[in-house]
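Colleague: For reference, TrEMBL lists these features for the protein:
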- B:34-240: domain 'Cytochrome b561' (DOMAIN)
- B:28-51: transmembrane segment (TRANSMEM)
- B:71-90: transmembrane segment (TRANSMEM)
- B:97-122: transmembrane segment (TRANSMEM)
- B:142-165: transmembrane segment (TRANSMEM)
- B:177-199: transmembrane segment (TRANSMEM)
- B:219-239: transmembrane segment (TRANSMEM)
2 protein chains.
Amino acid sequence: MPRNSTTTGGRYDDDDDRVWNCGAWFEYILVVVVSSILLIAASVLTIFWTIYYRKGFNMDDPKLQFNLHPVLMIGGYITLSGFSILLYRICRCCSHLIVKLCHTFFHACSIPCIVIGFMAVWDSHNQQQIPNFYSLHSWLGMITMGLFALQFVLGFFSFLILLCCENATYKFRSTMVPIHASFGVATFMLAIATAVTGLTQKAHFELGENYSQTVEEGIIMNSIGVILTGLGIIIPFAVRRSNSPANCKVYVTERI
Amino acid sequence: MPRNSTTTGGRYDDDDDRVWNCGAWFEYILVVVVSSILLIAASVLTIFWTIYYRKGFNMDDPKLQFNLHPVLMIGGYITLSGFSILLYRICRCCSHLIVKLCHTFFHACSIPCIVIGFMAVWDSHNQQQIPNFYSLHSWLGMITMGLFALQFVLGFFSFLILLCCENATYKFRSTMVPIHASFGVATFMLAIATAVTGLTQKAHFELGENYSQTVEEGIIMNSIGVILTGLGIIIPFAVRRSNSPANCKVYVTERI
């Protein structure tokens, strides 16, 4: 069955050869369900780890203040940003503007998480006189934050503000789409790399010799790392796949 | 200018709307050159790090025997496998069979690197009575090795042995292509995640407190990590991009 969506103003990239059969349905549901489960599992398991093994949160104790860092960073960079990216796969049949607004909303929600998550570790380190920005984790984290901020500002201006004068800015915005989408996936993958190095670092700091005795906490931390790596594979795969339910739009981003 | 390659037996996926203009040429050259530089830089910097800072290699000393591990793993999993994947972007105008054979050759070359690299750390740990398979690095490494072995066996049988009876096995092989390509990129990204956790672990083990004093060796190790993360972004991007030089084939794998 050929796809019968229309290429509205050249915004969508359409191919008659992309059919929506039983296998494609199965793949679509599998990818969306598995991605959603992993996105939620990453945050839930991190919250469980910090509360159960790391004694939860307390802003008056720098050690417990640190615990906000993994929870908010994984919540903001992975779960919220991940769902924000996945929206382009899930909400295929919604209006383009609604998908964009939801995408912006999810990313906007992740900003306070990232800012507070960063302040938590910065303040906690300073109080304990631990140096900042020396590790691979912090280097990758800085690059991720820079790219995320740039992406948000560029995305916000290109897609929402410039939408006010839609026709005049069409060419500029259509040039921005593949760049924004590529760097968006890159930022997500950078966040995953930052998170797994952070987990490894934390395991060695907190568990020390016990880490090599395969303690329960080590297994939980490794499991968070495996889930995050799984997300680093499935989310870019999900958003780049070119098939979609019949009668739905195929975004240019899928070609990237 | 419409692309004028032919869809030989449905093996290639062709679109008239994919044009090869000045911008596409620039992007093609940029991606290929940057990817190649990063792939070589990752191995060169790792060799430099192990020889200059970690006293090189010696099979009689378990500490120096360990040094084979990062060099061979990054050489095998990243540089050789990376070039093997990148071939599908570089050798667009070569015969499909030649690209496949070169792809198999590069991957075959990476196998001894991976096996010796694994044996080096296994033997080194056992001699020093350090436990194995407890860290996130080792967990991710095991998943990567399993996926790599499965990929090699499936790829080898599907694409080379079954080529003997080309027509009879066409449908099976064409089903295998997207699966093989997806899991290939996934294995590469898993290898990157494994490498950055390994580098973080090694930095904490070997440098200890000095790591936080931003020592020279720490900067070199962090730089290797940044290069590897860059590769984890640019290689999947390079192999998935749908544009290619005029008159050249566009492989189905680019749609994945």
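Using N, Cα and C of the backbone, Cβ positions are placed for all residues, glycine too.
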Colleague: Same-chain Cβ contacts of the transmembrane segment (B:28-51) under 8 Å, 6 or more residues past its ends?
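Modeller: That would be 57, 67, 70-71, 74-75, 78-79, 82-83, 86, 89-90, 217, 220-221, 223-224, 227-228, 230-231, 234-235, 237-238, 241, 243-245.
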Colleague: With pairs restricted to those 6 or more apart in sequence, evaluate whether the transmembrane segment (B:177-199) and the transmembrane segment (B:71-90) have 3+ C-beta pairs under 8 Å.
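Modeller: Counting Cβ pairs under 8 Å (6 or more apart in sequence), the transmembrane segment (B:177-199) reaches the transmembrane segment (B:71-90), since there are 3 or more.
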Colleague: Quick one: find which recorded stretch in B:71-90, B:97-122, B:219-239 has the most Cβ pairs under 8 Å with the transmembrane segment (B:142-165).
Modeller: B:97-122
Colleague: Please give the sequence-distant neighbours of the transmembrane segment (B:219-239): residues at least 6 beyond its ends with Cβ less than 8 Å from one of its Cβ atoms.
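Modeller: Distant Cβ neighbours of the transmembrane segment (B:219-239) are 31-32, 34-35, 38-39, 41-42, 45-46, 48-49, 53, 74, 78, 82, 85-86, 88-89, 181, 185, 188-189, 192-193, 195-196, 199-200, 202-203, 253-254.
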Colleague: For the domain 'Cytochrome b561' (B:34-240), what's the model's average pLDDT?
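Modeller: Residues in the domain 'Cytochrome b561' (B:34-240) carry a mean pLDDT of 91 in this prediction.
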